[in-house]
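Annotated features, as they stand in TrEMBL:
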ACT_SITE  HIS139  active site, nucleophile
ACT_SITE  HIS365  active site, proton donor/acceptor
BINDING   LYS141, LYS367  substrate binding site
DOMAIN    134-165  domain 'PLD phosphodiesterase'
SITE      SER388  site 'Interaction with DNA'
Amino acid sequence: MTYPRRIAGKPLMKRANETSSLSVPSKKTGAIEDSVPILEQGKIYFTPIGGITVPRQESEGALGLNEVISAIRPIDSLHLSFLLDFQFLISCYPSQLKDKPITLVVGEKDAKKLRQNSYTYPNVEVLGAPLPIPYGVHHTKMGIFESEDGKVHVIVSTANLTTDDWEFKTQQFYYAVGNKMESEDVTPTSLFQADLIVYFGQYRFLLEKWRNLIKRTDFTAVADRLVFSTPGNHFGVPVERLGHPRLKNLLKEVFPTVEPMLPLERCTFIAQCSSIGSLGPQPINWFRGEFLKSLEANNPSPANRPAKFHFIFPCVEDVRNSCQGYMSGGSISYRSSVHKRQAWLQVWMCKWRSYRKRRTLAMPHCKTYVKFDHKIPQWQLLTSANLSKAAWGELTVN
């Protein structure tokens, strides 16, 4: 999630394990020092589109996974993903880096097959993330890299580790970097670092090595935050630390004092994602009753002028005319039977268009949520969380 300062994150009480990045427009943007000249602290990047021709000026700032890995030159890598094509991933590593330690984390149901696909690489370790509920999934798309210059790099992405996601879809990733500390003092140096430590703690002891590395990394240059969620039913304090309640609490921290909105004022939210779940027969149930309240946080709209909400989602024609044709629809999910039960959403839906970035033909798999006040962006959330209760969590009363 991004706003004039930034935040990166994941959602609440949800059936999917996810990460996202929240940021606020910041006046400070600086290139990382000489070791990584093409990656900038706190920047959100697009991925290149192989299926369409894009003018050079429109492709500036777009980076492929192979370029990211070549720039960082990791001596140790951690990849967390929902879908993972091992041959694609290993092809992104330069030949001199293919034998460095690589840890892969997917849902426990997918770990066995991934081990079979990667068995010829003894330097690769495959871990299965526990999924405590039947329909839970490991939806996080994140990378942690340690480089030989003593830096620790963090990537929060919307793209699965597949060719299709990195070369034919509109995707984004967030980048942050910190310096590994010699001191054994593990007191968090920043809220971003503390967020990472808490999130990796959700994996129990599975990622303890990486959790300890993060504890020994100075992330004071990172102003952003993480929003996250884990599969399962959560009670008490953990509920406030996950999903949309976590987003609400972080926004309260960032914007602690807000002048009451005038009766004629209201904010605008623009959201875009690649999948829509069952939101309920009326918007007041979950959508306005929970989700929008969290987005508004300390700054609710007047009762007589609720917040505007525009939701960008590709239509059938957008998919048909895309660079992959109907094949791209495999990454865009919204059942007609579900839409019939929530027709109220139709009035807020907008077609996918990206004329300025020349990406109209590349179907979006990124998920973004942005708040505007008087046409000025206040914050942006980059996430793998789609518009659904499963992604963001649903509060229940026992």
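Glycine too: its Cβ is placed from the backbone N, Cα and C atoms.
Remember, TrEMBL labels are computer predictions, not curated facts.
Looking at LYS367 (substrate binding site) and SER388 (site 'Interaction with DNA'), their Cα atoms lie 12 Å from each other.
Confidence across the domain 'PLD phosphodiesterase' (134-165), taken as the mean pLDDT and rounded to a whole number, stands at 94. Assigned with DSSP, the residues of the domain 'PLD phosphodiesterase' (134-165) fall into helix, strand and coil as follows: 3 helix, 16 strand, 13 coil. Same-chain residues at least 6 positions away in sequence with a Cβ under 8 Å from that of HIS365 (active site, proton donor/acceptor) are, in sequence order, THR158, ALA159, ASP165, LYS169, THR170, GLN171, SER274, SER331. Following the DSSP three-state reduction, the secondary structure of LYS367 (substrate binding site) is strand. When Cβ atoms from all protein chains are considered, those within 10 Å of HIS139 (active site, nucleophile) total 27, not counting its own.
Each of the binding-site residues LYS141, LYS367 was scored by other CB atoms within 10 A of its CB, and the lowest score goes to LYS367.
Within the same chain, the residues at least 6 positions away from SER388 (site 'Interaction with DNA') whose Cβ sits under 8 Å from its Cβ are SER275, ILE276, GLY277, SER278, LEU279, listed in sequence order.
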